[in-house]
Every structure is written in structure tokens, then in C-alpha cells.
Amino acid sequence: LTCVTSKSIFGITTENCPDGQNLCFKKWYYIVPRYSDITWGCAATCPKPTNVRETIHCCETDKCNE
């Protein structure tokens, strides 16, 4: 499985997930209007939001967390 790990104006960076990590995730942490801190990566299980400002999307196909 290949997941996106970062995005910039120059394109995306990906990584091949290690064995046992069969999900890609994208996590948004709302900071202020029009600005969120976004994290991408691989996971064995879908992470759970830690507070109401956090949204997490998990998926199972290559680069699906773009």
C-alpha cells in the first residue's frame, strides 16, 4: 500500500507502508477559519479523533488519502 505523507506546491510525497499497516489516513486539526493542520500517513487501525477540532479519514487503496 502506498500512502501520501505530505503535500506542497511542488507535489506530493508518498511512502510504502510497512507490513501490518494496511490503511492510509488523513487527519485535519481545525485551528482557525481557513487554516487546518493536516497530517497524512499509514496506520494499522484508523486513528480516533482526540477532540472535537479533529477529523480523520481512513481508506484502503493507493494514495487514497491525497
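Heads up, the Cβ atoms here are built off N, Cα and C, so glycines get one too.
Annotation comment: Swiss-Prot describes Cys3-Cys24 (among others) as disulfide bond, evidence class similarity to another entry. Contacts of Cys24 (disulfide bond) defined by a Cβ separation under 8 A and a same-chain sequence distance of 6+ are given as Leu1, Cys3, Val4, Cys17, Trp40, Gly41, Cys42, Ala43, Cys58, Cys59, Glu60, Thr61, Lys63, Cys64, Asn65, in order along the sequence.
Following the DSSP three-state reduction, the secondary structure of Cys17 (disulfide bond) is coil. The disulfide bond annotation in Swiss-Prot covers Cys17-Cys42 (among others), and the record cites similarity to another entry as its basis.
Note: Cys46 (disulfide bond) has non-local neighbours Leu23, Phe25, Ile56, Cys58, i.e. same-chain residues 6+ apart with C-beta under 8 A of its own C-beta. Residues or ranges marked as disulfide bond by Swiss-Prot on the basis of similarity to another entry: Cys46-Cys58 (among others).
According to Swiss-Prot, the feature disulfide bond maps to Cys59-Cys64 (among others). In the three-state DSSP assignment, the secondary structure recorded for Cys59 (disulfide bond) is strand.
Counting other Cβ atoms within 10 Å of each Cβ, the lowest count among the disulfide-bonded residues Cys3, Cys64 belongs to Cys64. It is Cys59, among the disulfide-bonded residues Cys17, Cys59, whose Cβ has the fewest other Cβ atoms within 10 Å in the structure shown.
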